[in-house]
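Copied from TrEMBL, the annotated features are:
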ACT_SITE  Asp159  active site, charge relay system
ACT_SITE  His220  active site, charge relay system
ACT_SITE  Ser531  active site, charge relay system
DOMAIN    46-126  domain 'Inhibitor I9'
DOMAIN    150-589  domain 'Peptidase S8/S53'
DOMAIN    380-447  domain 'PA'
DOMAIN    645-739  domain 'Subtilisin-like protease fibronectin type-III'
SIGNAL    1-22  signal peptide
Amino acid sequence: MKSCFDFFPSFLILFLLSSTSTVLFVSQVACADTSIWNNNDLETQTYIIRMQPPTNLSFTSEDLKSWYNSLLQPLLNPTGTLKSRVIHSYSTVFSGFVATLTTEEVKQLEKIDGFLKAFPDRLLPLMTTHSPAFLGLNIRSGLWEKFGMGKGVIIGVIDTGITPGHPSFDDTGMPAPPSKWKGRCEFQNSVCNRKLIGARNFVKDIQMEDNSPPIDDEGHGTHTASTAAGNFVSNANMLGSGNGTAAGMSPRAHLAIYKACSEIGCSESNVLAAMDAAINDGVDILSLSLGGGPSSFDEDSIAIGSFAAIQKGIVVSCAGGNGGPSPFLLSNAAPWILTVGASTMDRKFKAVVTLGDGQEIEGESLFQTTNVPFTPIVHPPSCDSSDLGDVKGKIVVCVSSVAPGDNVKAAGGAAMILTNKDTQGYTILAQAFDLPASIVNYVNGTTILSYVEKSQNATASITFKGTTLGNSPAPTIAYFSSRGPSQQTLEILKPDIVGPGVNILAAWPDQVGEFATKLTKKNFNIISGTSMSTPHLSGIAALIKSMHPNWSPAAIKSAMITTSQLLDNNGNPIMDEKNNPADHFSMGAGHVDASKAINPGLVYDISPEEFIGLLCGLGYTDKQVQTITNEKVACKEVKKIEQTQLNYPSITTSASTSNLVVNRTVTNVGTANAKYTAEVVMPKGVTVSVSPNVLQFSNVNEKQSFTVSMSWTPADSAYIAGNLNWVSGENIVRIPIVIYKSQ
C-alpha cells in the first residue's frame, strides 16, 4: 500500500514553486490510514513541534500557519479537527507549531520530511522605591536624567500580565513610541498609552475561542514590569513600609506586556508564542522572570527563543532561579542570555526583639504595628495548630520556612518570632502577618531558642522601628539565588551577575493586608526572588540601549558584567547567606553598578555566528544546532569554538589541567585615543601573563586582541578566583578568572 507520506516531497516542491504573492497548499498531500487508530490512541497531550522551514523564500506568518495546518490535517485521527487541536504557530523563534496530539499522531508526524523534533509542553515556574538609588540612580544627582532614563527603548515583559490604570504605568512625561513598534493592545477602552504601548495574552488552551485581555490576576507581572520601567509614583509603600517615590530602572522606557503565565505556571508553548510575537513587534529588551531547571539547549525553549531574539539585536534578561544555595541548579544558563541572580539591599524593616536578659536581636517585619511589651515567650514543638494549645497571650517562636502566623493568631498568641532555617542563613525575607511579628536570621534565631530553653521564666518584647536605610553589609547574596556552574557549560561562568531581589517594593494589582480592597490609586507589594532581580537588570539594559542604540546584546551584557562590583558598602568582599565571602558561582561577575555600566570603556562582543561555533564545539549535532538556531548548520563546515575560547567576559576552567591559554578580543567604546594596561589579581600558586599587556586604541569601535596564559599548581581548595583588569584612568574593565575542581 502506498504510504500516506509519499506525496510530501511533491507538496514541498509545489510550495517552493508557488511562493509568489500567493502560497498554494494542496490538501491532498497525504492520506490518513484509519487502520492505525484504536480507542487507546485517542488520549492527547500538548506537543511543541519543530519543523525545518522552507528555504530561499519570503513568507508571512500566515503562510507558515497554513503550511503547518496542511501538514497536520491528514494525520489527525478521525475525531480530530484543526480548530480543536492547533494552539499556536511560530514564525520567528523557530518554525513550528503547538498542537494537542495523540502519541500515534506524533509518530506519524515524525515520518514527514522536514520534521525536526516533538516534545511535550511543560510548565515553567515563575521565578521599587529604594533600589534605583541603591544602584546609583538618583533623580537629584542628575545622573539618571543624563542617561535618558531609558527613553526610546521598548522592554517586553513575558509574565502574568499587567494591571492597567496603575499609576506606575501612567504616561506622564513619556514620549511617543518608536516608529518601529508593530505591536498591539488587547485591552478595550484604550487603556494602553505611551508607557504601556502593547499588551497581549497568550494563555490559551483548546477550550478558549478567544483570548481574554492580559489582566494580571497574580500580581507577579505587574510587579516585574514596574520594576523594569515603572513611572514615578510618590508616597509608594506597603502598609507604610518602604515609603518613598517608586520608579523602575528605566522610567522613560516603554512597556510591551505578553501574558504567558497563569496561576499554575507558564507553559513553554505560551512562552514561545509570546517571544515570537515580541520579536516581531519590535521590542529591544526581553525580560523573563521564569524558567525551568537545567536542560540541554536544544530542549530549552527559552534558550531557543532567546537565540532568535539576539539574532534581531534584542537583549534577553532571565531569572537564574530560586534553587539556591545548592550548586548546579541554575536556570536559563545559555551563554547568549543574561542570567541574573539575587542580592539584598541596605534597606530593612526593623522589628527588634529584646530578651528578658537584655539581649537585643534585630529582626524585620512588614507590618509595623504597636510595640509588644515584655511578655512570656514559648517555643512549642511546632507551629502546627495541634501543638499550639498553651500559647494564649504569649510570644510564640516558630522555626519554619512556611509562615505559621494564622495558626498562632488563631491559638490566641500575642505575637510571633519566626526564625530562619540554617540554609536561609542571614537572608531575611520580610513578611506581613496579621499579628505583631519579627523574622530573625538563623544565628539570631539560635540565640533566642537557647535563651528560651535555658530560662524558666523567659520573656521578650518586640519594638517596631520602621524603615531604615544604610544598613550593612549590603549587598549580600540571597540564600535562594540559584548557583552555578551551569550543567551545560561548566567553563562559561554563570550566573552572569546579581542585582536586588530581596524585599523589593513594586506595583501590585490590589491592596495588600488583612483589609485588602479593590484597586485604589496606589497599590504596592514587597516580595523576593530572582524574579525581582531580573527586571532590575532588564531596566538597566534599557538604560544602556538608550545611550548606545547600536550596541549588540553581547556588548550590553559585557558592559554590565565588566563594571560590576565585588565589594559591599563597608568596602569588604560581598558575602553570601552564611556570611562567607561569596564565590563567582553565587554572584557571577559581581553586583550590578548601573552608573558605571553606561560607560564601560571596553566591551567583549560576541556574534550569533560565534555561538553557533560554540554549539558545534559542545558536540551538538547538526539537527540539534538547527533546532536551537533555526538555521541549517553543518558543523563540519563551522569553526568550532571551545568554551574557554568563547569571547566571554570571564575566564573559567577546570583545575584538572595545570595550564590554559585563551584569547580574547575587546572593542573600544570609550574615547578615541585610549590606553589600557593589564592588571592581574590572583592568589598565590597561580601565574597569569597577558600579552600584550598594554592596549593602545586610536579610534572608537577599534578592536584589539590579547592572549592570557595561565598555570597553577594543585591546591587543596576546590575553588580559586581572581581578576583580570584593563585599567585606563577611571575605567576599570574587570573580568573574573575562576579555576575550580571538577565534581
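Using N, Cα and C of the backbone, Cβ positions are placed for all residues, glycine too.
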Taking the Cβ of Ser531 (active site, charge relay system) as centre, how many other Cβ atoms lie within 10 Å? 29
Which numbers of helix, strand and coil residues does DSSP report for the domain 'Subtilisin-like protease fibronectin type-III' (645-739)? 1 helix, 61 strand, 33 coil
Report the member of Asp159, His220 (the active-site residues) whose C-beta atom has the most other C-beta atoms within 10 angstroms. Asp159
DSSP-wise, what's the residue breakdown of the domain 'PA' (380-447) into helix, strand and coil? 18 helix, 14 strand, 36 coil
How long is the line from the C-alpha of His220 (active site, charge relay system) to the C-alpha of Ser531 (active site, charge relay system), rounded to the nearest angstrom? 8
Could you measure between Asp159 (active site, charge relay system) and Ser531 (active site, charge relay system) for me? Cα positions, answer in whole angstrom. 10
Averaged over the whole of the domain 'PA' (380-447), what is the pLDDT? 92
For Asp159 (active site, charge relay system), the three-state DSSP class is strand
